[in-house]
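Lifted from TrEMBL, the feature list:
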DOMAIN    14-187  domain 'Na+/H+ antiporter NhaC-like C-terminal'
TRANSMEM  15-33  transmembrane segment
TRANSMEM  40-59  transmembrane segment
TRANSMEM  71-90  transmembrane segment
TRANSMEM  102-130  transmembrane segment
TRANSMEM  198-223  transmembrane segment
TRANSMEM  243-260  transmembrane segment
TRANSMEM  272-294  transmembrane segment
TRANSMEM  306-327  transmembrane segment
TRANSMEM  354-378  transmembrane segment
TRANSMEM  398-421  transmembrane segment
Amino acid sequence: MDNEGLIFRGGKNMALLPMLLFIVSCSLFFSVFHVFDMTALAMLAFLAIMIGAIFSRNVSHYWKAVISEGIGSEMAVTIATILLIIGMYAKMIAQSGVADSFALLANHLGLHGGAFTLFTFISVCIVATATGTSVGTLFTAFPVFYPSGILLGADPVVLASAILCGAIFGDNIAPISDTTVASSSTQTYKHKPGSAEIAGVVAARFRFAIVSAIIAGALFYFLGSNNIPLAESSLVRDSQASYRSLWMLVPMAVLLIVAMKTRNIFKAIPSGILTGIIIGLLSGIFNLTDIFALDNGNVTGFLYNGFHEMVSTILFVLSLFGIIGILRASKTMDRISAAICSSRLAQSAQGAEWCIAIGSIIATALVGGVTSASILAFGPVANEIGLRKSLHPYRRAVLVDCFAMTLAAIIPFLSAFIFIVSADHQFFTKRISIYSTS
C-alpha cells in the first residue's frame with residue numbers, strides 16, 4: 001500500500017461501502033425483522049467485507065488491512081479477551097438469582113405502586129452494574145419485577161420504563177460492560193502509549209450518571225403508581241427466591257474496589273469471579289456442578305456457559321473491527337476526522353465535544369440502538385477528533401458512551417431496546433390478565 005492507502009474502483013469513498021452495508025443490515029434486522037442475533041450480525045459484517053473486496057484494486061492488501069489493522073489489532077484482541085473473562089463473571093451473577101432476591105425483598109417490605117417502581121429501578125441498576133449487560137438484564141429483570149409490580153399497583157408503562165432505564169444505567173457505569181470496554185479501549189493517549197483505563201473512565205462518568213439516576217428515581221416514585229391496587233404478588237411469594245442470593249453483591253463490590261484501586265480490569269474480574277465462587281459455595285447458592293461439570297459428554301456450569309455465550313459477541317466485535325481496518329488502511333478515518341475538525345463547530349475544544357456527542361447519537365441511531373456496535377464504529381473517529389483537540393481520553397470515552405446510551409438508544413421504531421421492552425410488556429401483560437381472572 002502507498003501513502004494514499006487502499007485504492008478502490010469508483011473512488012476513495014467506496015471504502016465506506018462495507019460500513020454502509022453493515023449499517024443498513026443492522027437497521028433492517030432490528031427495525032424491520034426484529035432480530036437480535038450477534039452471530040448473524042457478524043456474518044453480515046463479513047459479507048459486507050467480501051462485497052467491498054470486489055471494488056478493491058489490490059485484494060491482497062485489502063484483506064491484509066482487514067486482518068492486521070482490524071481483526072488482529074491490539075485493540076480488537078484486548079476487547080475480545082476482556083469479554084471472554086467478563087462472560088464467566090456475568091453468568092455467575094445471573095445464575096445466582098440475585099434479581100429474584102431483590103423482588104422478594106420488595107414484597108416483604110410491603111412496597112407498592114411508585115415505591116415498588118423506584119425499588120425496581122434501583123434493583124435493576126445494581127443487577128445491570130453487576131452483570132454488565134443491558135439486554136441480558138432486561139431478559140432477567142422483566143420476568144421477575146414486571147408481573148410482581150403490576151400486581152402490587154405499579155403503572156405498567158412507567159414500570160417498564162424503570163426496568164429499561166435501570167438496565168441502561170447499570171450498563172453505562174459497569175466496569176465489565178462491553179460498552180465501557182469499547183469506549184475506553186478506543187480512546188488512546190496523545191503523549192504516551194495505551195488507551196484510557198476502564199476504572200478511570202467509570203469514575204469520570206459516574207458523577208454524571210448518578211445525577212440522572214436521582215432525577216429519574218424521583219420521577220419513577222411520583223409517577224409509578226397505577227392507583228388501582230391489585231392482589232398480593234403470589235408470583236413472588238411462591239417463588240424459590242431467598243435472601244441468600246444477596247450475598248452475591250459482595251463479589252460485585254470486590255470487583256469495583258479492585259478495579260478502582262488497581263485500574264486493571266484483568267485483576268478486577270478474576271477477583272470478582274474467585275470471590276463469587278467462594279461465597280456462592282459457602283452460602284449454598286452454588287454447588288460444584290453449578291460452576292463446572294462434565295455430564296454425558298456435555299460441558300455445563302456458569303464458567304463454560306458464560307464463556308460460550310460471549311463467543312457470538314466476540315465474533316461481532318472482530319467482524320466490525322475488520323470493517324474499521326478497511327477505513328483505517330484507506331485513510332477514510334483520517335479524512336472523516338479531518339473534515340469534522342476543520343468544520344466551524346469543531347474549532348474549539350467544546351465544539352469538538354459537540355461533534356463527538358452528535359456523532360455518537362447518529363451512529364447509534366443508524367445501527368438500531370445497539371450501543372456496542374455504534375461505539376466500536378464511531379469510537380476511532382471520536383479518538384482522532386479528540387487527539388487533534390487534545391481532549392483527555394476519559395472525557396472522550398464519557399462523551400461517546402453517555403450520548404450513545406441516552407436518546408439514541410431509545411428512538412422509537414429504531415431501537416432494539418424498545419422492541420425488547422415492548423415485546424416483554426405485551427407478553428407479561430397477557431400473563432397477568434390470565435392470572436388475575438383465574
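From the backbone N, Cα and C atoms, a Cβ is placed for every residue, glycine too.
Proximity of distant same-chain residues to the transmembrane segment (71-90), defined by a Cβ-Cβ separation under 8 Å and at least 6 residues beyond the stretch ends, is recorded for 131-133, 136, 176, 178, 181-182, 185-186, 195, 251, 255, 265-266, 269-270, 272-273, 276, 302-303, 306-310, 313-314, 317-319, 321-322, 325. Away from its own ends, the transmembrane segment (272-294) comes close to residues 85, 88-89, 92-93, 95-97, 244-245, 247-248, 250-252, 254-255, 258, 300-304 of its chain (Cβ-Cβ under 8 Å, at least six residues beyond either end). If one looks beyond the transmembrane segment (306-327) by at least 6 residues along the same chain, the residues whose Cβ comes under 8 Å of a Cβ in the stretch are 6, 15-16, 18-19, 22, 37-39, 41-43, 45-46, 48-49, 52, 62, 65-71, 73, 75-76, 79-80, 83-84, 86-92, 178, 182, 333, 336, 372-373, 376-377, 380.
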